[in-house]
Amino acid sequence: MASSTQGQVITCKAAVAWEANKPMTIEDVQVAPPQAGEVRVKILFTALCHTDHYTWSGKDPEGLFPCILGHEAAGIVESVGEGVTEVQPGDHVIPCYQAECRECKFCKSGKTNLCGKVRAATGVGVMMNDRKSRFSINGKPIYHFMGTSTFSQYTVVHDVSVAKINPQAPLDKVCLLGCGVSTGLGAVWNTAKVEAGSIVAIFGLGTVGLAVAEGAKSAGASRIIGIDIDSKKFDVAKNFGVTEFVNPKDHDKPIQQVIVDLTDGGVDYSFECIGNVSVMRSALECCHKGWGTSVIVGVAASGQEISTRPFQLVTGRVWKGTAFGGFKSRSQVPWLVEKYLNKEIKVDEYVTHSMNLTDINKAFDLLHEGGCLRCVLATDK
């Protein structure tokens, strides 16, 4: 059914980042109607992720200001542009920063979940059709972010970047499947393919690290070692499947040696969930000679490089990376939502705080406190 606002500019509230590292402000933003191949979504709930903060901090070379950040959200389709067939007004959806067009070289390869169709536009804060933004304030364009821009009551996304989900799913919970939880689960299931009986090490016990633990537990890992410099995280991590804990601050030896000693030669799989290149090296080097695999999940700052001795790889270790946990967004996010509804995966347990969009700056402060996993913001208050 067509909405009353179809084809019209909508004025709504959005959190605008005018410049790097300056508090966001709630503004009245004009959101243009969707063009061909685009979808306008009423965002109901959006969560905060460290990737949003990374761009807001000014360290992201692709960061453009002013912009509307946010990429972990859920909402309802308000209207669709010409040629859009897979979603319609009223559908419940999760915007996906990882597109899936099913037509490009990447999508057709069968080897990756990456998609090349809209990246050239989303990487510079615009839409594909006309290389312009759908957001403006008094005629001044406001850039998009990651093709999602969910810190707004309404957003416009490409149709290849939105997953239709079961309307029974609570949007204030399944919004987390738009990034962090899916990334951690998929790193285990899709990228590493952890087998039953494996020994796993997880560096960094934030939302993504805990989702890795959850995935490893469901895969039947025999030992799941959580590594973090904040010992307060350990009690929470037990609930997600972590079986033992190591705080690097408690040891004089390099952390990789501590883990090798604990595991009779090293772990079968390790996951770096921080984005620290020196920890990435530790994660690789704590893997067992001959077969250990380390997966880089955390996003390092631009320009940083990883290093290790080639001998580490020559002797059988494997170093891999993952984006969105290897999940194909439009095809598999709905499947993850069903797994949640069937109580096969945790999601609610990652939500430690609930606030309103107007409290977004306070929410970002919380993100850096040890007790916060995910803070979910309601946009309609």
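Keep in mind that glycine also has a Cβ here, set from the backbone N, Cα and C atoms.
Of the residues CYS179, CYS273, CYS286, Swiss-Prot places CYS179 in the same Zn(2+) 1 site as CYS49, HIS71, GLU72.
Ranking the binding-site residues GLY206, GLY209 by C-beta neighbours within 10 Å puts GLY209 at the top.
Cα-Cα distances to HIS71 (Zn(2+) 1 binding site) place THR51 within 10 Å, out of the binding-site residues THR51, CYS115, ILE274, PHE324. Here the binding-site residues are CYS49, CYS101, CYS104, and the one with the most other Cβ atoms within 10 Å of its Cβ is CYS49. Secondary structure at HIS50 (NAD(+) binding site), taken from DSSP and collapsed to helix, strand or coil, is helix. Ranked by CA distance from GLU72 (Zn(2+) 1 binding site), the binding-site residues HIS50, CYS107, CYS115, GLY206, ILE274 have HIS50 at the top as the closest.
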